[in-house]
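Notes follow once the structure below has been shown.
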Amino acid sequence: MAGASVKVAVRVRPFNSREIGKESKCIIQMSGNTTTILNPKQPKDNKSFNFDYSYWSHTSPEDINYASQQQVYRDIGEEMLQHAFEGYNVCIFAYGQTGAGKSYTMMGKQEKDQQGIIPLLCEDLFTKINDSSNDNRLSYSVEVSYMEIYCERVRDLLNPKNKGNLRVREHPLLGPYVEDLSKLAVTSYSDIQDLMDAGNKARTVAATNMNETSSRSHAVFNIIFTQKEHDSQTDNTSEKVSKISLVDLAGSERADSTGAKGTRLKEGANINKSLTTLGKVISALAEMKKKKVESFIPYRDSVLTWLLRENLGGNSRTAMVAALSPADINYDETLSTLRYADRAKQIRCNAIINEDPNNRLVRELKEEVARLRDLLYSQGLEIGIRLEETISVVQALLCSVQETEKIIAELNETWEEKLRRTESQEMMLLPLDIPNLLVSVFQTPHLVNLNEDPLMSECLLYYIKDGITKVGRKDARTRQDIVLSGHFIKEEHCCFTSTIGMSGEGVVVLEPCDGAETYVNGKRVTAPTVLRSGNRIIMGKSHVFRFNDPEQARQERERTPCAETPAEPVDWAFAQRELLEKQGIDMKQEMDQRLQDLEDQYRKEKEVASSLLDDLQRVSLQDFLFGLAFLVIDGFN
């Protein structure tokens, strides 16, 4: 058993647009592993904290003290991955207020050198596995699961069929686990990346005043890493199983800062509830270490802490990354995060190497099944127990037996069966996946949606069938194959005609209906237009699509195998920018004409108002003179 404290790192991000707009000042200073926070209201009241790592990412990468994504992974990720190869359970989780940079540290971005801890660790895992592939004594297997905890409910991000909430159960041997959570076998980093992309698109995010893409749920990405080593002398095979838990927590938030209302407010309340429980657990564990006395730990008060029970003071090597905002307007939240992290470093975990757990677990579970069956038999024959009590006891025991047998079946499932199950699961995830995967599988021309929110892009797919595919509104006179809505969508908007050309290649022609606003690559089309794979199509004002023809794209790659990758992604922003460039002159004329009309209207209204004012002044003067005359006459009388 190896006892070790939780490793704690803090990382400060650059100012965001909101903080720049409010002319915020930086209140964080770092020197070595010491982090100091300055009180903007009392300059002399500064507080310093010492951590295992202090990462200064507030400036640009040109700064010599700048901590990049790679440096964070080298310090934390590589160490945790090494512990996993040694056979320990490991956990890395990020904590901080909303918009502090937790998701960036854990997941990162798709750009070069912007990947976070999770993708870098997964890539490094398979690099190490491939490096040891020449050793015939060793064999490895990797399974992954991805779930989110939204409003205290668990949802499987890798199973699109499972729309409901999963139950969190506790087994006397396995501890807390999620019932029916998908565990998919993977053989390469690309497999993990595809599943991770599909899971990220299914995550619950929303915009608040403090963060445009605020995570509204806690995400837990689990990797079950199994190592087998065969000893040729004794002909025995030893096995080590490590569970790698990578957790991206939702950010703590204040309703007055985020402007949350309705659903967002309810989400924020549940987020703060689970994070408060996590803080109580950390404080209780820290106090237990100080006083060296057993005390009650409120793990069950939240689904998050219940599932992370082993990672907090149990059988795990754990690291925490606290994300900080540098702005003085967030002083209270940043100070709270630092105190949170300071308590966490006092937690001590007792990690053990997980050697041969499956064989031992199967034997213990079989013994438990036999014991439960004997107990069931004895309860059924025992005299003196009332019939109702006997029935309830029998039902409870039957549930326990079925639950245990289900776990045994999962443990005895072969690797080939897991791979086949993963392949069938991936087929269900394909509509959510990236375009390259779509091109390799689908052979039918289709449209994929592009959205201003990257998480909502490429989630909808419309097939273009052989012959004519009609596009229009639901209330059209004839049935439309693709139904759209919006003020600028006609009842019968356009149609796609898919035919076979003279050379045997498939040809798709877009023909807009009369008066229908339809754009191809930024230009409005009024006549039939032949489409090429990759064309951007805009219907009305808000529906943006990319046309994909897999067969055409394959032939293009064969003709130009060394074609360069586009300099920028063909996404919603690209399509809108293209539309503005192509329509820019007309739009400028329209704006000038509109401005001239407004000026003419203002001039006419001003003339009318001046005329009315003059008439009113004349009438008022006449009334005044008449009144004065009457007063003079009355005076003489």
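Backbone N, Cα and C atoms are what each Cβ position is placed from, and that goes for glycine too.
No curator has checked TrEMBL annotations; they are predicted automatically.
For the ranges 112-139, 224-251, 588-615, the feature annotated in TrEMBL as coiled coil maps to 588-615.
In terms of DSSP helix, strand and coil, the domain 'FHA' (469-525) has 0 helix, 27 strand, 30 coil.
All chains included, 25 other C-beta atoms sit within 10 angstroms of the C-beta of Thr98 (ATP binding site). In the predicted model, the domain 'FHA' (469-525) has a mean pLDDT of 90.
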